[in-house]
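J.: One structure coming up, written as structure tokens, with questions to follow.
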Amino acid sequence: MFSLRALSGVVTRSLVRAPHRRTMSHAARLLPHRVPQKKGPERDPSTLSNYEHFKPTNTTVCLKVDWTDQKLAGSVTYDLTVENSPKNLVLDTSYLDIQEVQVNGHKADFSIGERHNIFGSPLTITLPPNSGDKLQVKIAYSTTPSCTALQWLTPEQTAGKKAPYFFSQCQAIHARSVMPAFDTPSVKSTFDIEIESDHPVVASGLPIKSSNDTGKFVFRQKVPIPAYLFALAGGDLDSAPIGPRSDVYSEPCDLHKCQYEFEADTEKFINAAENIVFPYEWEKYDVLVLPPSFPYGGMENPNITFATPTLVSGDRQNVDVIAHELAHSWSGNLVTNCSWEHFWLNEGWTVYLERRIVGALEGEQQRHFSAIIGWNALEESVKLMSRDPVQESYTQLVVDLKPNGGADPDDAFSSVPYEKGSTFLFFLETEIGQAKFDPFVKHYFKHFRYKSLDTYQFIDCLFDFYANDKEVTDKLNAIDWEKTLFAPGLPNKPKFDTTLADECYSLASRWKDASDASAFSAKDIASFNSSQMVVFLITLSEYEGKDGFSWANKKELISNMGDIYSLANSSNPEVIAKWYSIAILAKVESEYPKLADWLATVGRMKFVRPGYRALNSVDPKLAKETFEKNKDFYHPICRDMVSKDLQ
């Protein structure tokens, strides 16, 4: 799926666009049939707004949380600079109740267009004649029960069972269901956020003043961010420090567990990232641990990462997700893809930085070990997606979301932009040499800071940076850019350091060749960390189908393995998920209801979607019954995706 800053005097910077392309850019030379003949980044096909004509200088959101009717009600106000004198302002909306619109303090005419099944309804606001190049537009509205970004939980659905809870998930195009918006990563704005609530609230900004007594919670986001990074959550929340500039928020009953999980590493991650890129610009980096139905591992909401409770395993083995979300403070939040077609610029860079952070703190062998796990995830995604022509097209690095009136970015979501993107950046580092590549990393993020860009601008920036280095330029020119960016499937596999994986491979090979479990014991994995357990189980799965091998012929062996290593009882959900995957391959029927029960407790799509697909492959009736029984537990995004998976 899926961080922050603190900076003053940044409003004027939010108006700076990415530099215009030259008449013949490097990208146009290398990709003559791909690069659009226009200046600036490509238009985002996933928005109905006419954002090209407007630049927000600030956005003010004032909302009241209606806990009884489960909705947000209030207003959003845009301070805009106008270009080219448009007659109308068009914003994205989805399932919103629009009550009134004011332009420069006066009521304005507006209309809501016919609903597009993916992109929602355009809100068209008539602008007064001769309104000038500065506008203030205020829209009074409320959300509705059909809102796709919000999930509301009853007290019984929370850990503490004391108060209701709600949270938002706006990426990719769900901000339009929370407020009328330029719902595109191409548009950024600073934010003032004022929330009235009977329960504590956190938001994607720095807390200015908050009071449980008055029920008023005020936040300021001083760095311009796109709408998909707007975030709110509320409920029975408390906080504890996990570093000199970081706090963790959770329900009080889980607070000490969450504090323990993150306090050892958070500041180390920040320091390492600052050394790789440049100083952290967001002032505070906090983490909110959400209820189990949160659909992602983490979401990089500025100033407060939203995190799945599956990270809190008690062994501090899953905190690399925090390194990932923190890395978004530079890649994604500070420098942003202009559209979801270029999503790899967000996630590929973030995975690359995440693993650089891991390498800086734990050594290059651990960095490569993490990359091996990522490569396995990429292979799995490409194999699954290659069964369908549309899905296969989403295994390209740069995807096309324009066909057939527009595709849903959520449908294109997979590990591909993460892992194929980071693999490409690792390839560049290897080809150029880390000593030469590191200065480019810093330059790239400084050059595009506060801006949104496309892949072609990335290419231009890369070539421009090495313009006086013939050796590097020759290597860049030798790359098959068409294949790299637009060919579906797997890229060339990098040469990884397998030192930390070799023990896992060896143990997996022993199990493959074994006729019974008599030679195995829990001592086999006594020295393994959770990541090594994951690689061991992945390696077992990869034997399936090779040279006619099938784990279904070794059902009893796999069942015994689960018992010997207590895999279903692991405290780490990554291990549990991979265990059920191999158990399904071996058709261990006793594990089917256990998997169904587990799926009722986790909402993270990384586990939920593969889990349901696996269960559906062996027991469709149980899979569908389990989903029907638990579908209201899942976030709307997750619920929709699993429903499609089971069709």
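Every residue gets a Cβ built from N, Cα and C, even glycine.
According to Swiss-Prot:
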type	residues	note
ACT_SITE	Glu325	active site, proton acceptor
ACT_SITE	Tyr418	active site, proton donor
BINDING	Gln169, Cys170, Gln171, Pro295, Tyr296, Gly297, Gly298, Met299, Glu300	substrate binding site
BINDING	His324, His328, Glu347	Zn(2+) binding site
J.: Near Tyr418 (active site, proton donor), meaning Cα within 10 Å, which of Gln169, Tyr296, Gly298, Glu300, Glu347 (binding-site residues)?
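T.: Cα within 10 Å of Tyr418 (active site, proton donor): Glu347.
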J.: List the Cα distance (Å, whole number) between Gly298 (substrate binding site) and Glu347 (Zn(2+) binding site).
T.: 12
J.: Return the count of C-beta atoms lying within 10 angstroms of the C-beta of the residue listed as 'active site, proton donor', excluding that atom itself.
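T.: The residue listed as 'active site, proton donor' is surrounded by 27 other Cβ atoms within 10 Å.
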J.: Taking the Cα of Glu325 (active site, proton acceptor) as the centre, which of the binding-site residues listed as Gln169, Gln171, Tyr296, Glu300 lie within 10 Å of it?
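T.: Among Gln169, Gln171, Tyr296, Glu300, the ones whose Cα sits within 10 Å of that of Glu325 (active site, proton acceptor) are Glu300.
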J.: Using DSSP, would you call the residue listed as 'active site, proton donor' helix, strand or coil?
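T.: In the DSSP reduction, the residue listed as 'active site, proton donor' maps to helix.
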J.: Fill in the CA-CA distance, Tyr296 (substrate binding site) to His324 (Zn(2+) binding site), as an integer in Å.
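T.: Checking the Cα atoms of Tyr296 (substrate binding site) and His324 (Zn(2+) binding site) gives a distance of 12 Å.
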J.: Give the distance between the Cα atoms of Gln169 (substrate binding site) and His328 (Zn(2+) binding site), rounded to the nearest whole Å.
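T.: His328 (Zn(2+) binding site) has its Cα 16 Å from the Cα of Gln169 (substrate binding site).
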J.: Taking just the CA atoms, what is the gap between Glu347 (Zn(2+) binding site) and Gln171 (substrate binding site) in Å?
T.: 13
J.: Please report the distance from the Cα of Glu300 (substrate binding site) to the Cα of His324 (Zn(2+) binding site), rounded to the nearest angstrom.
T.: 9
J.: Within its own chain, what residues at least 6 apart in sequence put their Cβ under 8 Å from the Cβ of His324 (Zn(2+) binding site), listed in sequence order?
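T.: Sequence-distant Cβ neighbours: Gly297, Gly298, Thr350, Val351, Glu354.
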J.: Return only the integer: C-alpha distance in Å from Gln171 (substrate binding site) to His328 (Zn(2+) binding site).
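T.: That comes out at 14 Å between the alpha carbons.
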J.: Considering each pair of residues in Gln169, Cys170, Gln171, Pro295, Tyr296, Gly297, Gly298, Met299, Glu300, all listed as binding substrate, report the largest CA to CA distance in Å, no decimals.
T.: 15
